[in-house]
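All remarks here apply to the structure that follows.
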Amino acid sequence: MAIISSNIGDNDFSFRKKELRLVDSKNIPEEKRNNNLNLARPLNLKEFIGQEQLKSSLRVAIDASIIRKEPLEHTLLYGQPGLGKTTLAFLIAHELNTKCRIATAPAIERPRDIVGLLLGLKEGEVLFIDEIHRLNRLTEELLYSAMEDFRLDLTMGANRGARCRTINLPRFTLIGATTKLASISAPLRDRFGISQKIEFYTCDELKQIIVNFSRLINLNLEDEASYDLAKISRGTPRIALRLLRRVRDYAQVVMKTNTISVNLIKKALNSYQIDEKGLDSLDRHYLSFLNQNNNIPIGLDSIASGLGDDSSMLEFVVEPYLIKIGFLTRTPRGRLLTALGKKYIDSKDDNF
């Protein structure tokens, strides 16, 4: 949820520093430490809810690698944040009966960092690199021979004293995860034998995830309430579970109950400024800004400047869901509010 000062007027789109949005699909430290969330993770591909086509393809590839006693081909998983890329990497390693070693691309700052990771691998292990599109060029180039030939080609020394050294590596599987497929260079992308998109989840799939987690945390969740929560979770399990935890907080602290009803969910989400579409204050301010421009396309940088926000954040965090539900369209000339989006925002009080 975007926390916006109550002093902001209807026509003032300059935001102060924001806290976490409940409907932001990015992970946060609290969620990484949450034991209940870790317990809620599936233990194998069969337990993983949703992504049926992806699971079927992975099942065939995994079984084939086991039959041939070869490492699984390098795998690239791409899609919006919060859809389960990291979980799938762990499950793939589990199905292969091997370890999964984790790294994030921003933490691999120098070539020696990736060298250390590769030299630490054992035969058949999985190396998972999150945000792989953020690898720097030198680090990425070291991966080429490692992925293709399971070797490192290193240059030692400098100038006339430079010499090449080749280090053989154990056969391993690299799993890369990215939210920005287009940002991955073609040479790196082409070295992945398996490339799979993780799609948004259906309401029924999210409902099952919510119900399973509510049982884990001993929460009495009414059937219709679980579906209502699934509908506003933006097709993203991470958001669904985050909203459920905040609704639980409201139920236990404000309403003094452990039973979650449809009416209680409405009250809880209203207190967090989230409406029946799953949109929060930032979404509504974005739509209101477009609505003020009388159906004239607006460039992303102009929108970011008008809202006092980061253009990259708007493009990759705010806009995808607004496009998905038909409220926003992107044109060569800029962003346009659709008729559906205009009808929605005209019906809303900007102060919610």
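Placement of Cβ uses the backbone N, Cα and C atoms for every residue, glycine included.
Annotation source Swiss-Prot lists region 'Large ATPase domain (RuvB-L)' at 13-201.
Annotated ATP binding site per Swiss-Prot: Arg41, Gly82, Lys85, Thr86, Thr87, Glu148, Asp149, Phe150, Arg191, Tyr201, Arg238, in sequence order. The secondary structure of Arg238 (ATP binding site), as reduced to three states from DSSP, is helical.
According to Swiss-Prot, the feature Mg(2+) binding site maps to Thr86, an assignment based on sequence analysis. Residues near Thr86 (Mg(2+) binding site) in space but far in sequence (CB under 8 A, at least 6 apart, same chain), listed by position: Ile102, Phe128, Asp130, Ala177.
For the region 'Small ATPAse domain (RuvB-S)' (202-273), the mean pLDDT of the prediction comes to 95. Per Swiss-Prot, region 'Small ATPAse domain (RuvB-S)' is recorded for 202-273, and the stated evidence type is sequence analysis.
The region 'Head domain (RuvB-H)' annotation in Swiss-Prot covers 276-352 and is backed by sequence analysis.
Swiss-Prot lists Arg330, Arg335 with the feature DNA binding site, giving sequence analysis as the kind of evidence. Packing around Arg335 (DNA binding site) is summarised by its Cβ count: 23 other Cβ atoms lie within 10 angstroms of its Cβ, all protein chains included. Classification of Arg335 (DNA binding site) by DSSP places it within a strand.
For the region 'Head domain (RuvB-H)' (276-352), the number of residues in each DSSP class (helix H, G, I; strand E, B; coil) is 41 helix, 9 strand, 27 coil.
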